Amino acid sequence: MSLSFQKYQGLGNDFLLIDNRHQEELLLTPEQAQFWCDRHFGVGADGVIFLLRGTGESDYRMRMYNADGSVAQMCGNGIRCLAKFIFALEGRSAGEIVRYRIDTLAGLIVPEVQADGQVTVDMGKPRLLAQQIPTTLAAADQKVVDVPLTVGDRQWLVTCVSMGNPHCVTFVEDVAALDLAVLGPQFEHHPAFPQRTNTEFVQVLGSDRLRMRVWERGAGMTLACGTGACATLVAAVLTGCLSPGGDQAQATVELPGGDLQIRWDLPSQHLYMTGPALAVFSGTLP
């Protein structure tokens, strides 16, 4: 039986989007998702995202496999792509502003398609306690801020944030000088992270600008990571690398695939991410 899909990308972070609303069982197995994400033998993508019918307070549900077939709790670039996928499925017109309540394995996430086609996402609150990441780098009820971690042949100062998925953020002088193909797997599989981790290597460019490279858990080196950009802004504030302006902290996060605008509303603790999501092509899996 053939299966239709749409390919979308958000800053080069690309996904296969599948309309799964007519049944509860996901239309691809983890092994099939891994095969179709392969850029040599399959279609090529950083993950597969399934759209399911909503339940309770949600309009829709999102479920996702990473490129290695593992389950992803959430994906910032992915949920922007999903919002544009829904926008098209509903037959919306360009210029409409539409908000969706989407149930994810990280909780309820609310993306809003803007009049200019960009998508702003209420990413919710960061989780900062070691047990919430999870990590063994601090006591369960303590934050992990500028904690030393030995990876490879050097010690790194890391700050850990969960955006529904685990992130390990480290600030460096020059992100371009790092060999992520070597460092990324060493961080991802470090025993301090029992569920593995995403890792962000960040260079501070100015009072409101950060440059970030990312190694994603289950996907490897990617061109962008929305939850990682959010975690990076939080880590920059917690470590004093950036100072909030009043009750807001915000920054442009430069990624290899382009820029994301990230804002942290300190009174509510909610993070907001704004960026593009574009359809690439449609196809059919045999």
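Sequential numbering from 1, following the chain as shown.
Note: Cβ is positioned from N, Cα and C throughout, glycine not excepted.
It should be emphasised that the depicted structure is a prediction, and the values quoted were computed from it without experimental measurement.
Swiss-Prot annotations:
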- Cys75: active site, proton donor (ACT_SITE)
- Cys225: active site, proton acceptor (ACT_SITE)
- Asn13, Asn66, Gly76, Asn77, Asn165, Asn198, Glu216, Arg217, Gly226, Thr227: substrate binding site (BINDING)
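Taken residue by residue with DSSP, the residue listed as 'active site, proton donor' is part of neither helix nor strand, so it is coil. On a Cα basis, the residue listed as 'active site, proton acceptor' lies 7 Å away from Gly76 (substrate binding site). In three-state terms derived from DSSP, Gly226 (substrate binding site) belongs to a helical segment. Counting only same-chain residues six or more apart in sequence, the Cβ atoms lying under 8 angstroms from the Cβ of Gly226 (substrate binding site) belong to Gly10, Asn13, Cys75, Gly76, Asn77, Gly78, Ile79, Arg80, Val121, Met123, Leu260, Met273, Gly275.
Note: the substrate site is recorded as Asn13, Asn66, Gly76, Asn77, Asn165, Asn198, Glu216, Arg217, Gly226, Thr227; in the same chain, Ala72, Met74, Cys75, Gly78, Val214, Ala219, Thr222, Cys225, Gly228 also have Cβ atoms within 8 Å of that site's Cβ centroid. A straight line from the CA of Glu216 (substrate binding site) to the CA of Cys225 (active site, proton acceptor) spans 8 Å. For the residue listed as 'active site, proton acceptor', the same-chain residues 6+ apart in sequence whose C-beta sits under 8 angstroms from its C-beta are Asn13, Cys75, Gly76, Asn77, Asn198, Glu200, Met212, Val214, Glu216, Leu255.
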